[in-house]
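Feature list (source: Swiss-Prot):
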{"type": "ACT_SITE", "residues": "LYS138", "note": "active site, proton acceptor"}
{"type": "BINDING", "residues": "GLY10, GLY11, THR12, GLY13, TYR14, LEU15, GLY16, ARG35, LYS44, ARG142", "note": "NADP(+) binding site"}
{"type": "BINDING", "residues": "HIS270", "note": "substrate binding site"}
Amino acid sequence: MAKSRVLIVGGTGYLGRRMVKACLDQGHTTYVLHRQEVGVDIDKIQMLLSFKEQGAHLVEGSFNDHRSLVEAVKLVDVVICTISGVHIRSHQILLQLKLVEAIEEAGNVKRFLPSEFGMDPARMAHAMEPGRATFDEKMVVRKAIEDAKIPHTYASANCFAGYFLGGLCQFGKIIPSKESVILSGDGNVKGIYVDEYDIATYTIKTMDDPRTLNKTIYIRPPANILSQREVVEIWEKLIGKVLDKSSLSEEDFLALMKGLSHGHQAGLTHYYHVSYEGCLTNFEVEDGVDASKLYPQVNYTTVSEYLKRYL
């Protein structure tokens, strides 16, 4: 079977650049949307040119130009969007509604994978404000996709390793300390940590798979379902040293929101649901929607392997 042609929207972003690489690595004809809004951002322009050198095709388009989106979509079989939903960076989830309109008009897309890649928003109706907006907006996009009867796959990838493992699962830290760590409560709530390139690898595998059509797929590498304490213990073994540990209660953690910017408050509430509530592991996932069981051939990065880069 011929491999699908793919359009990546948001290809210069944190996850998007990895999605482009995984798409090329798996042999797909890959198009990357070159948005006019990039302007004179030299880093993004250079990244786009590097994609071209690796074999990707650049196609111009803009969320402010409906016709350009339609023409870009007509080039491919699959559209993957990775634009940011992170409040402290650039929160753009609802821009995807314009992409949905373009896909509906083009009429040729066999699969659309919108920008999800975190917690499953369908399970987060109880989420705290202001972070709840992220999940609500993703559900608005889902409804638009389903109302338009666009074939789709939603990918729930849980915790990006760089944001969580890098700081030993501490909010606001992305480099592991060799001296001390603050535990969230007792540190025993389990999370799921996934290398960002592995997220892309699994995602690309789902897009041509009839088993994943119109489903939510959960990326849950079994060896990476760990508590914060377990992550810290792995780091301690790597550095040959026991860290000084203190604990931050749920109440004290929530009190940190006072005086923070809206974006940081949103991020803090997401972290709360993961690290105190355990929202990623308080439900069972069926084999048919578990990416690690659908694609056992993927040699994913373990927590220990990921943390070695910080030594």
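Cβ coordinates come from backbone N, Cα and C, glycine included.
Here the structure is a predicted model, which means the values were calculated and not measured.
Look at HIS270 (substrate binding site): DSSP puts it in a helix.
In sequence order, SER84, PHE160, GLY162, GLU196 make up the list of same-chain residues 6 or more apart from TYR14 (NADP(+) binding site) whose Cβ falls under 8 Å from its Cβ.
With the fewest other Cβ atoms inside 10 Å of its Cβ, the least crowded of the binding-site residues THR12, GLY16, LYS44 in this structure is LYS44. Taking only the Cα positions, the spacing between THR12 (NADP(+) binding site) and the residue listed as 'substrate binding site' is 24 angstrom. In three-state terms derived from DSSP, THR12 (NADP(+) binding site) belongs to neither a helical nor a strand segment and is classed as coil. When the Cα atoms are compared, GLY10 (NADP(+) binding site) and the residue listed as 'active site, proton acceptor' turn out to be 16 Å apart.
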